[in-house]
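> Heads up, here are the entries from TrEMBL:
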DISULFID  Cys54-Cys118  disulfide bond
DISULFID  Cys99-Cys109  disulfide bond
DISULFID  Cys200-Cys210  disulfide bond
DISULFID  Cys299-Cys309  disulfide bond
DOMAIN    29-129  domain 'SRCR'
DOMAIN    132-231  domain 'SRCR'
DOMAIN    236-324  domain 'SRCR'
SIGNAL    1-18  signal peptide
Amino acid sequence: MIPAVVLMTLLWSTDLQAQSVSPPAEYSVRLVNGTTSCSGTVEAFHEGEWSGLCFRWFWSMMRQATVVCRQQGCGNVVAESRGRLVKDGRIGVILYSICRGNESSTRQCDNRRGHGVCDGEYYHHVTCSESVRLVDGAGLCSGRVEVKSNQSWASVCEADFDRQDAEVVCGELGCGAPAALQGGLYGEGEGQTWDKEFQCKGKESRLLDCDTSDRKNNTCLPGNAVGLTCSEPDDVRLVGGGSRCAGGVEWYDQGEWRIVGAEDWDQRDVAAVVCRQLGCGSTVSVPPGNTTRGIRVYCSWSESSLRECRRTYELLPGLTVICSGNNKTHYMAKSMWTFVDPAISATAVADRCLKLSTQPCNLHRQTLPVDWTY
């Protein structure tokens, strides 16, 4: 039998421990029921309990998901989807916040619109990369390569990284094939440098599945943190127009091709992103007359791919786009897209790019709007 004094001491100690564990901050987020610690349904802590985070049309899903991934200590957004929230009778919470994508947590987003509750709405499901990310790029598929090491992120030296390694990273992040690979292309990392040389065969599913060896050089000189631009994923197509650069816009979303619609005032911006993502030059025209209805998408023009735009599942007349078909290399310097002759090598483009801008410069297969002059 445990003496009464000892029992009271144990109970008192247990009570102190319970009090010392602080609850999560209001509107903290977490990922649950995923296959890894970096995937799952997004839940928000609200009024003392965890609730599903509801979908709202004005959210930029990818920007919100980018902040969620960063807040969890994970890498880039690989995929996001939505589904019905109410399966067990619980209601969810709506955060009327607007994120730019560079915040370290959702609590730093613009939350002036407050919050609400939802019943029978939709939740977010997010998949983030676990151990590799691209930072300081123009979109989800470009940036400086960083690898997670001992719970911190390390940049990778150009000498320790080749095209086969790049193929693995692009695939792991849900992007297309590598388009540009250059030391210093997206600036230098502020932390440590990865101390191994990657030896991928190009078929691995994750960068950390690749073989590694000790580095040949003990130091990585300034300007050699490797930057990578992957092509955008093949999740957008133009159909029925006679070429890959003309036709009705379709977007591969949650396992099926969906028709894309847009309001009249959004059509030119959406079309510019579509032409850019497909490498089809600039927008020539947006013909009327498509009566088939599709999910509403609206963009701000600057996005690298359609998945970075906002969307809602209300139906609007489908969008038809005719692009110029020109395949030019563009890069972003001082917040402006600029094009160069395709005969110029990627290295020359990167060198010119870095001389033009004091900030990291973003190399892409991109285009400027049709009404810009050069």
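Glycine too: its Cβ is placed from the backbone N, Cα and C atoms.
Predicted automatically and left uncurated, TrEMBL annotations should be read as such.
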> If I take the alpha carbons of Cys109 (disulfide bond) and Cys210 (disulfide bond), what is the distance between them in whole Å?
37
> Between the Cα atoms of Cys299 (disulfide bond) and Cys210 (disulfide bond), what distance do you get, rounded to the nearest Å?
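Taking the Cα atoms only, Cys299 (disulfide bond) lies 37 Å from Cys210 (disulfide bond).
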> Please report the number of other Cβ atoms within 10 Å of the Cβ of Cys210 (disulfide bond).
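Total other Cβ atoms inside 10 Å, all chains included: 18.
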> Roughly how many Å separate the Cα of Cys200 (disulfide bond) from that of Cys309 (disulfide bond), to the nearest whole number?
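Just about 33 Å between their Cα atoms.
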> Tell me the Cβ neighbour count for Cys200 (disulfide bond), meaning other Cβ atoms within 10 Å of its Cβ, over all protein chains shown.
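Within a 10 Å radius of the Cβ of Cys200 (disulfide bond) lie 21 other Cβ atoms.
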> If I take the alpha carbons of Cys309 (disulfide bond) and Cys210 (disulfide bond), what is the distance between them in whole Å?
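Counting only the Cα atoms, the answer is 33 Å.
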> Mean pLDDT for the domain 'SRCR' (132-231), as a whole number?
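Mean per-residue confidence for the domain 'SRCR' (132-231): 89 out of 100.
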> What's the number of neighbouring CB atoms sitting within 10 A of the CB on Cys54 (disulfide bond)?
24
> Any idea what the Cα distance is from Cys54 (disulfide bond) over to Cys210 (disulfide bond), rounded to a whole Å?
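Cα-Cα distance, Cys54 (disulfide bond) to Cys210 (disulfide bond): 38 Å.
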> Once the chains shown are all counted, how many other Cβ atoms turn up within 10 Å of the Cβ of Cys109 (disulfide bond)?
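Counting Cβ neighbours of Cys109 (disulfide bond) within 10 Å gives 19.
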